[in-house]
């Protein structure tokens with residue numbers, strides 16, 4: 001009896017229908033960006049100082065800038081007018097003797113816009129609340145990865161996708177109108193619970209629509225849409241410096257994604273795995289019609305040998321019950337963890353140094369495009385494993401060079417940092433491609449989301465890892481990054497090569513991938 005891959009060879013592995021499906025799913029990929037990295041704009045911390053009525057009146061009369069007030073240095077005192085003396089100048093520059101206390105009269109921020117920090121005063125003793133805000137997002141990713149994965153494998157990709165889009169859109173709008181910090185965190189946590197699971201479900205869906213020869217191109221294009229979303233977010237953040245307007249603007253497009261109900265069918269691979277062959281054949285005929293192909297009569301009887309058997313239901317134990325799948329699960333979990341720690345850690349580490357927030361974010365986004373093009377040229381020629389291992393080695397080597405090169409060789413240091421970001425971006429894109437390929441259809445979504453939950457665990461600990469280690473030695477986080485990513489470079493070579501292979505449909509297929 002013909003398999004789905006045999007049928008796709010006849011009706012089109014990547015023709016009009018699949019290209020249209022990829023385009024509409026790329027919109028989903030782009031809308032995930034503000035949730036994953038939006039904290040860089042929603043939570044930016046401008047220069048600030050505690051409002052003091054006496055000093056502020058004197059500053060206004062004398063024309064002192066905020067920077068001069070913050071640094072307690074006002075040049076050429078006489079030029080400011082008579083009676084303009086330095087605030088706390090009697091201390092003679094010995095600021096350590098100044099008694100510290102809470103800010104009673106509010107904070108003054110040197111910013112033309114607003115952020116979570118400026119609106120809720122998340123500075124000094126309350127600065128930990130900004131860390132909590134981002135940790136809640138990653139905690140939501142972590143919890144949602146497991147639950148959304150089970151729902152998608154148990155009840156279908158399409159239903160799961162629509163539910164996550166709706167919840168994400170509603171909670172995003174509510175966050176834009178949240179009356180307090182507490183409600184803001186709650187709505188952001190809800191977005192975290194559903195958004196990443198929805199993004200990965202869309203990734204799985206497009207991987208199951210196309211033939212094996214085009215799976216790589218479709219999946220990398222889906223990830224490139226995320227990179228395009230980074231550029232769009234940078235422009236929107238620059239044009240809308242007020243966080244509530246920015247949050248509302250990036251959330252509203254999610255409601256249009258509910259049109260997926262009419263635009264996208266259910267995954268035919270999932271329907272076959274659930275013994276719903278009649279519905280699967282209806283989807284196949286829809287694909288053939290969209291591709292302007294005619295389905296041969298010999299391929300219109302889609303059956304499996306165990307058609308009358310029990311439906312396969314996903315189980316967490318299936319991820320570790322058999323030896324090969326167990327090995328795949330543990331290696332992929334470590335790889336997801338490593339990719340997350342380096343991807344987010346390199347951004348945070350570069351952000352320790354002061355710079356233009358918009359330009360820094362833009363440069364970090366642009367480096368992802370050459371990484372994608374390199375993979376497009378190599379993955380189907382060389383395979384998955386060796387480029388993956390090479391990307392890990394490049395990222396690790398770049399981290400070591402960045403850590404050991406002196407600051408006087410700034411050009412070399414920045415070049416190495418960009419190569420490190422490119423290397424770990426390649427690792428991220430490869431693991432997104434390989435992870436679905438190593439699990440059978442009925443277990444695929446659960447396997448991807450459980451393994452990628454380690455990515456969220458990495459996102460939770462990375463800020464603490466970078467800031468605490470940097471207090472000991474500014475470059476120490478880079479050395480730690482190099483060690484863990486070089487280990488990953490060796491582990492990925494233990495996975496089976498999936499170049500040109502069909503997606504496994506059963507546990508037995510997945511166990512035999514290494515042969």
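Cβ from N, Cα, C; glycine included.
Any TrEMBL annotation is an automated prediction that lacks curation.
Taken from TrEMBL, the feature domain 'Major facilitator superfamily (MFS) profile' applies to 82-500. Taken together, the residues of the domain 'Major facilitator superfamily (MFS) profile' (82-500) have an average pLDDT of 84.
Per TrEMBL, transmembrane segment is recorded for 21-44 (among others).
Look at TrEMBL and you will find 132-152 (among others) tagged as transmembrane segment.
Among the features that TrEMBL reports, transmembrane segment is placed at 159-179 (among others).
The list of residues near the transmembrane segment (185-206) in space but at least 6 beyond its ends in sequence, with Cβ under 8 angstroms from a Cβ of it, reads 18, 21-22, 25, 28-29, 32, 35-36, 132-133, 136-141, 143-145, 147-149, 152, 157-158, 160-161, 163-165, 167-168, 171-172, 174-175, 178, 218-219, 222, 264, 267, 432, 436, 444-445, 448-449, 452, 456. Feature annotation from TrEMBL assigns transmembrane segment to 185-206 (among others).
The transmembrane segment feature in TrEMBL is assigned to 218-239 (among others). Remote same-chain residues near the transmembrane segment (218-239) are listed as 14, 18, 22, 25-27, 29-34, 37-38, 41, 202-203, 206-207, 209-210, 246, 249-250, 358, 361-362, 364-366, 368-369, 372, 375-376, 379, 428-429, 432-433 (criterion: CB distance under 8 Å, separation of at least six residues from the stretch ends).
Per TrEMBL, the feature transmembrane segment maps to 245-264 (among others).
Away from its own ends, the transmembrane segment (331-355) comes close to residues 40, 364, 392, 395, 399, 417, 420-421, 424-425, 427-428, 431, 434-435, 438, 450-459, 461-463, 465-467, 470, 474, 477-478, 481, 484-485, 487-488, 491-492, 494-495 of its chain (Cβ-Cβ under 8 Å, at least six residues beyond either end). Here TrEMBL flags 331-355 (among others) as transmembrane segment.
For 361-379 (among others), the entry in TrEMBL reads transmembrane segment.
Here the transmembrane segment (386-405) has long-range neighbours at 338, 342, 346, 374-375, 378-379, 412-413, 416-417, 419-420, 422-424, 426-427, 430-431, 434, 475-476, 478-479, 481-483, 485-486, 488-490, 492-493, meaning same-chain residues at least 6 beyond its ends whose C-beta is under 8 angstroms from one of its own. As annotated by TrEMBL, transmembrane segment applies to 386-405 (among others).
Counting same-chain residues at least six beyond the ends of the transmembrane segment (446-470), those with a Cβ under 8 angstroms from any Cβ of the stretch are 131, 134-135, 138-139, 141-142, 145-146, 148-150, 152-153, 196-197, 200, 203-204, 314, 316, 319, 329, 332-334, 336-341, 344-345, 348-349, 352, 435-436, 438-439, 476-477, 480. Here TrEMBL flags 446-470 (among others) as transmembrane segment.
Beyond its flanks by at least six residues, the transmembrane segment (476-495) meets 327-328, 331-332, 334-335, 338-339, 341-342, 345-346, 349, 384-386, 388-390, 392-393, 395-397, 399-400, 402-403, 420, 424, 427, 434, 438, 465-466, 469-470 of its own chain at Cβ-Cβ distances under 8 Å. According to TrEMBL, the transmembrane segment annotation covers 476-495 (among others).
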